[in-house]
Amino acid sequence: MQASTFAAKGCASTNFQKHRVSPCIRGFTRRNSDLSYPFAVTKNIGCGANLSSAVMGSGLASARMRVDTVFRFKSKSGLVRAQSSDGDLEALPSEKPHRKSSGTVLPYVGVACLGAILFGYHLGVVNGALEYLAKDLGISENTALQGWVVSTLLAGATVGSFTGGSLADKFGRTRTFQMDVIPLSVGAFLCATAQSVQTMIIGRLLAGIGIGITSAIVPLYISEISPTEIRGALGSINQLFICVGILAALVAGLPLAGNPIWWRTMFGVAIVPSVLLALGMAVSPESPRWLFQQGKIQQAETAIKKLYGKERVAEVMNDLRAGLQGTAEPDAGWFDLFTRRYWKVVSVGAALFLFQQLAGINAVVYYSTSVFRSAGIASDVAASALVGASNVFGTAVASSLMDKQGRKSLLITSFTGMAASMLLLSLSFTWKVLAPYSGPLAVLGTVLYVLSFSLGAGPVPALLLPEIFASRIRAKAVALSLGMHWVSNFVIGLYFLSVVNKFGVSKVYLGFATICLMAVLYIAGNVVETKGRSLEEIERALSTA
């Protein structure tokens with residue numbers, strides 16, 4: 001099977017038995033150090049609309065301790081129970097209404113999304129170009145080296161995602177964007193001018209480091225500068241522009257049939273948005289939350305005025321002060337993420353990205369062209385472009401629903417649709433009665449799968465992680481979770497063809513469908529809602545006992 005590729009981007013709750021608590025909150029005690037995130041893991045990837053099963057516990061005392069936040073907590077025998085008044089977090093009123101902003105946040109979100117476009121473009125550019133660059137570089141018969149050309153980008157992205165969290169904490173969000181332009185531009189240049197596969201792999205590695213950094217700081221920066229009332233919509237724009245980048249890469253590959261060396265231009269044009277990203281961040285405001293944490297109060301007020309308008313400076317500053325009350329601790333180190341205080345919330349963040357990747361999204365889209373070709377579709381590049389367009393469309397729909405429908409219901413709907421689509425793809429390759437229609441069914445199943453993915457599994461995790469992580473661990477915890485994303489992404493990109501050759505594409509797709517159903521069960525039991533609340537409100541709610 002020809003390895004033409006491109007990528008889309010993007011603790012089961014149990015009932016209490018006697019002396020048993022959900023793994024999401026087990027181990028939290030009444031000690032202050034243990035109660036920093038008493039509801040964190042259940043809340044962690046609060047990607048959905050309703051917390052219909054968020055009431056955790058049975059056999060505990062019925063006495064209630066009232067808390068002036070969105071949660072109620074109850075403890076007995078060292079166990080803590082977190083519960084909203086009616087089981088639905090989103091049904092609870094916010095602490096105070098948020099006035100609409102008169103600032104200019106949207107242009108700066110757009111600048112940050114240049115990083116998302118580069119993310120998608122570098123992932124997708126190899127799709128159509130691989131066959132042609134393989135001939136140019138003399139590796140057309142070496143599928144192993146072709147796999148490394150694809151997957152080296154993902155290995156670099158794994159390194160970059162971890163690096164991005166530390167850089168963002170140390171130098172700030174905007175400065176990190178500017179530094180990131182170096183590996184992005186140099187990597188693109190080396191790929192465009194490569195005369196050997198070694199140079200191509202080095203270029204892909206550097207570009208991967210660059211997109212790994214952007215994958216960590218784009219959602220982080222957007223979540224920290226976005227007004228509460230539209231944070232969900234703006235946060236999901238990150239995924240939308242990743243899809244735009246992938247679609248741009250697919251469209252850029254259309255001239256390849258008439259110009260075999262066009263693949264060099266395809267890699268080279270990525271330098272342009274990299275430079276624009278650096279220039280745009282030079283005039284973009286720094287995250288007020290980061291400035292406040294660094295003690296740069298005046299600069300934080302200036303940034304707030306620029307982002308939201310002068311009428312909201314006092315409100316946002318009060319939120320920032322309240323969010324840091326009693327938590328005047330330095331930024332967390334990497335090892336802090338693995339302590340009992342934070343690991344439960346961090347582990348759920350990593351789990352969502354693991355489900356996202358193991359559900360098969362990158363396997364489907366990396367090798368969509370090959371799948372279409374084997375199914376007898378004449379215009380495989382056009383079919384892949386259709387997949388990219390459906391990704392953009394679905395993400396645009398998700399953006400409009402994120403602050404209305406909520407995160408959790410979108411996630412459940414998304415993974416359910418992905419499971420059904422994978423089942424259709426599997427059957428199209430095995431049922432003889434469907435053999436005459438295998439080509440159209442392959443396209444239909446892939447398009448429906450990508451559309452389902454883009455409605456929730458794609459945009460929600462990157463949006464939710466900055467929302468539910470405490471400010472002192474936010475950058476590093478997001479980076480760690482995205483590290484899980486890139487590691488699994490790398491493994492799938494490297495070994496997918498080998499697994500398909502051994503077991504057959506039908507069985508592999510059936511396995512993906514099973515993982516999607518497991519994700520639905522996981523999300524239903526462990527995810528709650530965060531829409532309509534400021535980051536500081538969420539943090540206080542999770543840290544109050």
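Just so it is clear, glycine is given a Cβ too, placed from its N, Cα and C backbone atoms.
Here is what TrEMBL records for this protein:
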- 108-531: domain 'Major facilitator superfamily (MFS) profile' (DOMAIN)
- 105-125: transmembrane segment (TRANSMEM)
- 145-165: transmembrane segment (TRANSMEM)
- 201-222: transmembrane segment (TRANSMEM)
- 234-255: transmembrane segment (TRANSMEM)
- 261-283: transmembrane segment (TRANSMEM)
- 345-369: transmembrane segment (TRANSMEM)
- 409-429: transmembrane segment (TRANSMEM)
- 441-465: transmembrane segment (TRANSMEM)
- 477-497: transmembrane segment (TRANSMEM)
- 509-528: transmembrane segment (TRANSMEM)
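Mean predicted confidence for the domain 'Major facilitator superfamily (MFS) profile' (108-531): the pLDDT average there is 84.
Between the transmembrane segment (261-283) and the transmembrane segment (234-255), the number of CB pairs under 8 angstroms, six or more residues apart, is three or more, so the stretches are in contact. Contact check: the transmembrane segment (409-429) against the transmembrane segment (201-222) gives fewer than three Cβ pairs closer than 8 Å, residues 6 or more apart, which falls short of the contact criterion. Ranked by the number of CB pairs under 8 Å to the transmembrane segment (345-369), the listed stretches 441-465, 477-497, 509-528 are led by 477-497. When Cβ distances are compared across the two stretches, the transmembrane segment (477-497) makes contact with the transmembrane segment (201-222), since 3 or more pairs at least 6 residues apart fall below 8 angstroms. Taking every listed stretch (201-222, 441-465, 509-528) in turn, the largest tally of C-beta pairs under 8 A with the transmembrane segment (234-255) is reached by 441-465. Here the transmembrane segment (105-125) has long-range neighbours at 6-9, 153, 177, 180, 184, 187-188, 207-208, 210-211, 214-215, 217-218, 221-222, 225-227, 234, 237-250, 252-253, 266-267, 270, 273-274, 276-277, 280-281, 284-285, 307-308, 388, meaning same-chain residues at least 6 beyond its ends whose C-beta is under 8 angstroms from one of its own.
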